[in-house]
Amino acid sequence: MEKFIAVDRKEILKYYKPIAVDTHKGIQGHALIIGGSYGKIGAVCLSSKSALKTGCGLVTAFVPKCGYEILQIGIPEVMILTDVKKKCISNINFDFQPNAIGIGPGIGQNEATQKAFLKFLKSNKIPLVIDADALNILSNNKAWFLLLPSGSILTPHPKELERLIGKWDSEQEKFEKTISFSLQYKVIIVMKGAPTHIIDGETIYKNTTGNQALATAGSGDVLTGIISSLLAQLYDAIEAAVLGVYLHGLTADIAVPKTGFQSFIASDIINHIGEAFLSLESK
Ligand SMILES: NC(=O)C1=CN([C@@H]2O[C@H](COP(=O)(O)OP(=O)(O)OC[C@H]3O[C@@H](n4cnc5c(N)ncnc54)[C@H](OP(=O)(O)O)[C@@H]3O)[C@@H](O)[C@H]2O)[C@@H](O)CC1
Ligand SMILES: Nc1ncnc2c1ncn2[C@@H]1O[C@H](COP(=O)(O)OP(=O)(O)O)[C@@H](O)[C@H]1O
Ligand SMILES: [Mg+2]
């Protein structure tokens, strides 16, 4: 039996955890963002900066070599690890234990990247947020879904969802197929759209924030960073997904009276995330 929950401020305040006075960066969570390829390093910049701007204590980005200077100069707060290859990821290698990993923004579907992703999935036990081309690679290799840690969060836009579950003839069929997929692989599916729904088995969360200003390049990459950050801060996977989607949309609702729909870009989500948190904390 399906359960339906509208995600509004009241619902969010059930999960939201203010930052403790005596916390420090070592206990605020360490998120690892894996992604990028030649020409799409911006996606990782957006994800990593969003992770930092949503309270994560430490953020490391794993990118091909061509991303090193871009990230180091663009976001000095982010630590960087690089692949051996210049233009795409070919061997995912890191020597620390992140609390959560976001993988996929800008990663591409190069043959070497696909192999590296499979090798990574075979050994990984850390909670995952999977987006963009990492999702597309999985859609082409459905057996690999069995390698995901349970509670992993997938963030498809409608085309990526179609690649994942196949075509649908009606909204009802889309929801039925997504729920079956979530139950089969024990994953949370963030069905991005207007509005975004979050599917956790038979529970459907409908987000109430956001607007058409979010229809701009990189806004999904920002969402991946936000959810990865919340997951790294030890929110439960479903809480991280629901809170992340809510905050992401709220930034656009707050910004639009100042920016208009047209001039709002993905960096404006990041610029307004502070105001989104403040509005949650206001009485
Ligand atoms: N600055 C950077 O580095 C950036 C890097 N990026 C990176 O680029 C990579 C490719 O990502 P991507 O999503 O652009 O490609 P892809 O999966 O082929 O989907 C495109 C097609 O999907 C559809 N579609 C999308 N949304 C829809 C909707 N709401 N509702 C309905 N349909 C929708 C639409 O199909 P159409 O309607 O045209 O048939 C559209 O043509 C990825 O790694 C990403 O991280 C980008 O994030 C940009 C900034
Ligand atoms: N018209 C809209 N209304 C509300 N949210 C939208 C709208 N268009 C796009 N979005 C949101 O923007 C994000 C787009 O994600 P995605 O397509 O992955 O972007 P990108 O890959 O360019 O980063 C999703 O969170 C989606 O829900
Ligand atoms: Mg995307």
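Yeah, the Cβs are placed from backbone N, Cα and C, and that goes for glycine too.
The candidate list GLY102, GLY104, GLY106, GLY274 contains one residue that TrEMBL assigns to the (6S)-NADPHX site with ALA43, HIS157, ASP221, namely GLY106. Among GLY218, GLY220, only GLY220 appears in TrEMBL as part of the AMP site alongside LYS192, GLY193, ALA194, PRO195, THR196. With the fewest other Cβ atoms inside 10 Å of its Cβ, the least crowded of the binding-site residues ALA43, ALA194 in this structure is ALA194.
Cβ neighbours within 10 Å of THR196 (AMP binding site), excluding its own Cβ and spanning all shown chains: 26. Using a 10 Å Cα-Cα cut-off around GLY193 (AMP binding site), the binding-site residues ALA43, GLY106, HIS157, ASP221 reduce to HIS157.
The domain 'YjeF C-terminal' (8-280) scores a mean pLDDT of 98 in the predicted structure. Report note: the AMP site is defined by LYS192, GLY193, ALA194, PRO195, THR196, GLY220, and the residues of the same chain whose CB lies within 8 Å of the CB centroid of those residues, excluding them, are HIS157, MET191, HIS197, ASN207, GLY210, LEU214, VAL245.
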